[in-house]
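Look at TrEMBL and you will find 120-309 tagged as domain 'Malic enzyme N-terminal'. According to TrEMBL, the feature active site, proton donor maps to Y143. Annotated (S)-malate binding site per TrEMBL: R205, N466, N512, in sequence order. Taken from TrEMBL, the feature active site, proton acceptor covers K223. Here TrEMBL flags E294, D295, D318 as divalent metal cation binding site. For 319-581, the entry in TrEMBL reads domain 'Malic enzyme NAD-binding'.
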Amino acid sequence: MNLSKSINTFSKSLGSITRPQRFNTKTGLHTQTPSSSTAVAHALKEDFARSNKTKAIDPSYSPYYNTGTLLPSTTRQKLNVYGQIPAVVETIEQQARRAIKLIRAKPTNLEKYMFMAQLRNNHTRLFYNLVNNHIEEFAPIIYTPTVGEACQKYSDIYPFLNSPGTPDGLYITLDDLPHLDNIIEGYKQRLGETPDITVITDGSRILGLGDLGMNGMPISMGKLQLYVAGAGIDPRRTLPIVLDFGTNNEHYISDEFYMGVRRKRPADAEFYDAAEKVLKSLTRAFPHILVQFEDFSSEHAFGLLKKYQDKILCFNDDIQGTGAVILSGLINAFRKVEKESNVRLRDHRIVFYGAGSAAIGVARQIQEYLQIEHGLTEDEARKVFYICDSKGLVTTDRGDRLAEHKVYYARNDNAGSQFRSLEDIVDYVKPTTLIGLSSSKNAFNQDVLARMSQINHQPIVFPLSNPLTKAECTFEDAMNATENKVVFASGTAFPAYTIPGTDQTRTPGQGNNMYMFPGLGFGAILARPTSITNRIILRASMALADSLTEEERSRGLLYPELSRIRQVSATVAAAVCDQAVQDNIATGEIKSIHRDSFDEYVQSRMWSSEIGN
């Protein structure tokens with residue numbers, strides 16, 4: 001079937017399947033609005049034609065366009081698939097109920113992950129219908145914490161996630177470098193769209209799980225699925241990439257089923273040269289693409305960001321995204337303890353347990369906030385932070401060679417004393433805030449938490465490591481050890497806690513990057529700033545902090561309900577656009593939109609799983 005006939009068939013026959021949606025600002029979701037089948041058919045016709053400018057894609061085999069039993073019988077006949085699909089014609093709601101029933105019957109989260117991966121690769125719209133309408137249930141399946149296990153076992157489960165010949169993204173090896181332009185062009189032809197965003201990892205530091213090599217690909221895929229669900233980026237315009245440059249994980253090198261390159265990782269010079277070639281090829285093919293670096297080793301994460309943040313449109317979610325979302329929660333925590341315990345912002349002392357890229361990224365974001373919004377000098381703001389690694393408090397005279405990214409925050413006011421254990425560090429610093437990014441399970445033990453409670457009327461405790469098996473403490477531990485006084489947010493989800501002997505239930509905050517990166521990325525795509533500046537990221541963080549409703553504040557929440565993620569992402573994206581325009585670095589069509597209309601404009605550009613979008 002040629003492209004013209006495919007378009008005409010779909011445009012004539014699919015109009016009755018569904019209707020366009022209106023953005024609901026209360027729920028953050030799209031709701032159906034009345035529309036004629038002609039209008040929907042016309043929208044689909046334009047949508048399909050626009051997606052196939054470079055190469056015709058047979059819609060009967062496309063997971064994006066083929067909706068299975070939603071197809072009316074006339075469409076099945078014209079597509080020559082009549083008799084190849086059960087006779088019943090269903091609604092998307094029926095399909096969704098069936099899928100949910102099957103997913104919930106799966107005994108493990110990994111099996112749920114595999115089922116949903118198969119669904120996404122066979123019926124894209126149904127997949128996102130489920131995720132959007134049940135975000136709190138399915139986000140932990142398609143991303144953290146389940147994606148960690150999926151990465152570890154990716155080479156084992158890969159053949160059972162997708163149909164043969166249907167690529168999930170790009171797997172780029174060092175041997176591919178001479179042919180990159182051809183590889184990217186080939187994928188572009190298969191995609192039928194120009195990607196707006198790519199998430200790139202080399203698998204060297206996946207979550208808290210270490211070097212997983214090529215098996216890190218689900219991180220890139222899962223992150224982009226959350227961009228779609230959380231901010232309405234068109235799934236056809238996303239590109240997951242893993243740089244399969246090798247692995248230093250002997251387990252995978254010796255595993256007969258490992259699908260990645262079996263070699264040690266390259267030295268730094270070779271790594272940066274290869275990364276340069278990849279990024280140049282990408283930006284040649286897609287000049288406006290947003291590049292998000294994900295889960296690189298700390299040294300390479302900082303190195304790539306430093307080298308490219310002013311050259312291409314890019315950001316690092318581990319450094320900047322984590323920093324922004326945690327700053328947002330801390331802003332609300334600082335507001336709470338200032339109001340209820342009279343602790344001034346400039347009087348805070350913050351201990352970071354963990355000194356990787358995420359920890360330093362968070363510290364930098366907080367410092368930026370203290371300087372720009374509250375007038376602290378650089379030196380005053382820097383002295384708020386006490387960074388701890390596996391050897392103890394980071395000081396200038398500790399005797400070991402410090403990694404470059406740790407040097408800036410190394411203390412020189414310790415009078416020659418060194419502090420190794422977290423208990424000793426807490427006793428010495430007397431912190432108001434304890435932040436964990438160490439991947440050390442139970443590092444915030446009862447003694448540490450109890451001491452925090454003795455020092456502070458309302459101790460701020462953020463155990464941010466993922467997954468659950470790496471968390472520094474649980475919410476229940478923190479509540480028990482602090483006599484229920486803790487102001488808490490975590491990186492992984494914890495259940496609500498009912499204070500014994502009362503009917504008071506506290507809901508813990510979760511400093512999930514999903515609150516930040518979808519809106520930040522979508523705003524950058526729309527505004528096309530010359531670079532994603534610190535001012536843009538700070539503005540996004542403050543927009544997230546201010547997105548709490550009065551009802552959420554009254555419950556002591558530090559972050560909004562995840563069910564409002566589309567609304568929150570729209571708020572963050574609009575703030576990104578506004579800052580880019582204010583700073584005169586926006587290059588997209590946002591420049592022609594009146595600032596008062598940014599919210600409406602952002603919402604109008606959000607993709608939904610309904611036909612015509």
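Glycine too: its Cβ is placed from the backbone N, Cα and C atoms.
Automated prediction, rather than curation, is the source of TrEMBL annotations.
Projection of TrEMBL feature records onto the structure.
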| residue | record | DSSP (3 states) |
| --- | --- | --- |
| Y143 | active site, proton donor | coil |
| R205 | (S)-malate binding site | coil |
| K223 | active site, proton acceptor | helix |
| E294 | divalent metal cation binding site | coil |
| D318 | divalent metal cation binding site | helix |
| N466 | (S)-malate binding site | coil |
| N512 | (S)-malate binding site | coil |
Taking the centroid of the Cβ atoms of E294, D295, D318 (divalent metal cation site), which other same-chain residues have Cβ within 8 Å of it?
T201, R205, I206, I219, F293, F296, A301, N316, D317
Pairwise Cα distance for the residue listed as 'active site, proton acceptor'/Y143 (active site, proton donor) [Å, integer]:
7
K223 (active site, proton acceptor) has how many other Cβ neighbours within 10 Å of its own Cβ?
27
C-alpha of E294 (divalent metal cation binding site) to C-alpha of R205 ((S)-malate binding site): distance in Å?
9
At the Cα level, what's the spacing in Å between N512 ((S)-malate binding site) and D318 (divalent metal cation binding site), rounded?
11
Surrounding CB atoms that lie within 10 Å of the CB of N512 ((S)-malate binding site), all protein chains:
25
Measure from the CA atom of N466 ((S)-malate binding site) to the CA atom of D295 (divalent metal cation binding site) and give the result in Å, rounded to a whole number.
13
Have a look at the binding-site residues R205, D318, N466 and say which one has the shortest Cα distance to Y143 (active site, proton donor).
N466
Are there any residues at least 6 positions away along the chain from R205 ((S)-malate binding site) with a Cβ closer than 8 Å to its Cβ? List them or say none.
D211, D295, F296, S297, S298, A301, G356
Spatial separation of D318 (divalent metal cation binding site) from N466 ((S)-malate binding site) - C-alpha basis, Å:
12
Please give the maximum pairwise Cα distance, in Å and rounded to a whole number, for the (S)-malate-binding set R205, N466, N512.
18
